[in-house]
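Feature annotations, reproduced from Swiss-Prot:
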SIGNAL    1-22  signal peptide
CARBOHYD  ASN65  N-linked glycosylation site
BINDING   ARG116, HIS430, HIS524, HIS533, GLU555  substrate binding site
CARBOHYD  ASN278  N-linked glycosylation site
CARBOHYD  ASN293  N-linked glycosylation site
BINDING   ASP450, ASP461, GLU569  Zn(2+) 1 binding site
BINDING   ASP461, HIS524, GLU555, GLU569  Zn(2+) 2 binding site
LIPID     ALA650  GPI-anchor amidated alanine
Amino acid sequence: MAQAYWQCYPWLVLLCACAWSYPGPESLGREDVRDCSTNPPRLPVTAVNTTMRLAALRQQMEKSNLSAYIIPDTDAHMSEYIGKHDERRAWISGFTGSAGTAVVTKKKAAVWTDSRYWTQAERQMDCNWELHKEVSISSIVAWILAEVPDGENVGFDPFLFSVGSWENYDQELQDSNRHLLSITTNLVDVAWGSERPPVPSQPIYALPKEFTGSTWQEKVSAIRSYMQNHTMAPTGVLLSALDETAWLFNLRSSDIPYNPFFYSYTLLTDSSIRLFVNKSRFSLETLQYLNTNCTLPMCVQLEDYSQIRDGVKAYASGNVKILIGISYTTYGVYDVIPKEKLVTETYSPVMLIKAVKNSKEQALLKASHVRDAVAVIQYLVWLEKNVPKGTVDEFSGAEHIDQLRRNENFSSGPSFETISASGLNAALAHYSPTKELHRKLSLDEMYLVDSGGQYWDGTTDITRTVHWGTPTAFQKEAYTRVLMGNIDLSRLVFPAATSGRVVEAFARRALWEVGLNYGHGTGHGIGNFLCVHEWPVGFQYNNMAMAKGMFTSIEPGYYQDGEFGIRLEDVALVVEAKTKYPGTYLTFELVSFVPYDRNLIDVSLLSPEQLQYLNRYYQTIRENIGPELQRRQLLEEFAWLERHTEPLSASAPHTTSLASMWVASALAILSWSC
């Protein structure tokens, strides 16, 4: 899944309009977006009336002596996905996009979001709200300074601001004679009142031993060893990100959409383990698993989730040093630790250690990708049979592939909202259809599906782009060059400890050669039944260096404005490369096992090395997936796999019509049944 760090190109406004209402922006109509210039304003049926909500919030602001209140789009753990009861910005503004910041003053209210969501915001917000399209903190503060008089207060919830965000706001407001005030009671929650969704209370459970790479005791020992060997000699480490605690204790639940996490903090010290969580969610068996009935160094002491600030403050009053990873620590807990007792790093030791999978974790992740490939292949076969009938749309397609994954062993649902995008909608890297707004899949258009699953043994993420008709020469070239980029990076051999950003350009080279590019990241880490976007692995400037045992996605793409989109994403394991001469070098081993669309590959563009690599990959797919399909008696899917992994030849381009594929499939099945 391409991560959301697109540049804010103006053309995305038009693309958003297209995505919301096919066939194009001309059909969008003024009734589908708000028009605040008329009296009374004209609002679409999708707009949310926020008048009473704003009045309730402003009442709380007045009680706290605030002239402005900042409402970000995250939770107290800096999570990528947030639970319903944490959707504060969405509730107060009506705007449900995944990225954006709201600010409410005594008289005005405004939302800042990037170009992916401009049209959505105009559809969902009423005229109580201004929409701002420059999303920097500097832009937000400039607006605040224009609206808030000298000497007045700007409030924020310290548990919703990372340390870095707080520092940026504080710096921008310095010398402005406006005061940034930390209010630990969230005012939106108070205004929301009884209508706010409850905090999840599903059981927190321990993963069966066969699905874990190490015991929680072994992991605790590894973190303590890290602290002992640290030059700053920290006595404790504070874990704030939800996947950190889930990984450390091999515990899972379902508090967060698409992520098997539960609300918690961990304060791990050299002599104690303190888990801040809702204690009532543990069974007796899980309590015994955590050794909660003792106070020894390998016993877990359970404390109430809401007491994290007081608990950290009390521990920090002693002769201690606390290590934090500032990327996922909020100002709410950072603020109570005296600066002389802080040891700060970008990422916590848990983030660094879990990024490198041990041999058992590697085997588990690989196994999950085999089953996942079966589900994706079943989906592609289903599409080939049903798209010509005109019965498949983007939304029904997304529902079908999600269900195919749920049918697999050890499934725990999708790992993110499936991106099912046809034609011009695929030009939006993060487009997802809805039951109300979607397009039919067509033989005459490209179709992109980016999807993934959560399984007890691993998390998956894969993207394939297909065309069932006759693609244009440009579409074939663009697709092939995206494939070339995927191959070039996947087969690369590079020195150990190389940063991902150093090699990232290999995925773009084939596109750059002809003046093409893509605006999202090239890859991200992936977890063992954890995050689909697992930091700090990847190809960005702030990712850690590549190391043997890491898993990363490799996902170049190309997006033609208003016409089509292409992305080819595989998950790869970083392994030691076999080189002619001695040295420690690394390369990638793909663990995604679904063939690319032969109908879109221009073999003449591939170098001999690229073609050889592709055919070798296809042979690997046959070896890993073929037996599984045969074991399950999925004969139609097996025939499809055999056809789509036939070796490609430089002398003869391979394109196969739907009709010929159906005939071949029927003959293959008939021959097996005779």
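Placed from the backbone N, Cα and C atoms, the Cβ positions cover glycine too.
Highest local Cβ density among the binding-site residues ASP450, ASP461, GLU555, GLU569 belongs to GLU555, counted as other Cβ atoms within 10 Å over all protein chains shown. When the binding-site residues HIS524, HIS533, GLU555 are compared by Cα distance to ASN293 (N-linked glycosylation site), the shortest distance belongs to HIS533. Annotated Zn(2+) 2 site ASP461, HIS524, GLU555, GLU569; additional same-chain residues within 8 Å of its Cβ mean position, judged by their own Cβ, are MET1, ALA2, ASP450, ILE462, THR463, GLY523, ILE526, SER553, ILE554, ASP570, VAL571. Residues ARG116, HIS430, HIS524, HIS533, GLU555 are recorded as binding substrate; their most distant pair of Cα atoms lies 20 Å apart. Separation of the C-alpha atoms of ASN278 (N-linked glycosylation site) and GLU555 (substrate binding site): 39 Å, rounded to the nearest whole number. HIS533 (substrate binding site) sits 9 Å from ASP461 (Zn(2+) 1 binding site), taking the CA atoms of both as reference points.
Cβ neighbour count for HIS533 (substrate binding site): 23 (other Cβ atoms within 10 Å of its Cβ, all protein chains included). Nearest by CA distance to ASP450 (Zn(2+) 1 binding site), out of the recorded positions ASN65, ARG116, HIS524, GLU555, ALA650, is GLU555.
Burial estimate for the binding-site residues (ARG116, HIS430, HIS524): highest at HIS524, by number of other CB atoms within 10 Å. Taking the Cβ of ASN65 (N-linked glycosylation site) as centre and 10 Å as the limit, one finds 11 other Cβ atoms among all the protein chains shown. Listed glycosylation sites: ASN278, ASN293. The one with the lowest count of other Cβ atoms within 10 Å of its Cβ is ASN293.
The secondary structure of ASN65 (N-linked glycosylation site), as reduced to three states from DSSP, is coil rather than helix or strand. Mapped onto three states, the DSSP output places HIS524 (substrate binding site) in strand. On the backbone, the CA of ARG116 (substrate binding site) and the CA of GLU569 (Zn(2+) 1 binding site) stand 21 Å apart. Considering only the recorded positions ASN65, GLU569, ALA650, the residues lying within 10 A of GLU555 (substrate binding site) on a C-alpha to C-alpha basis are GLU569.
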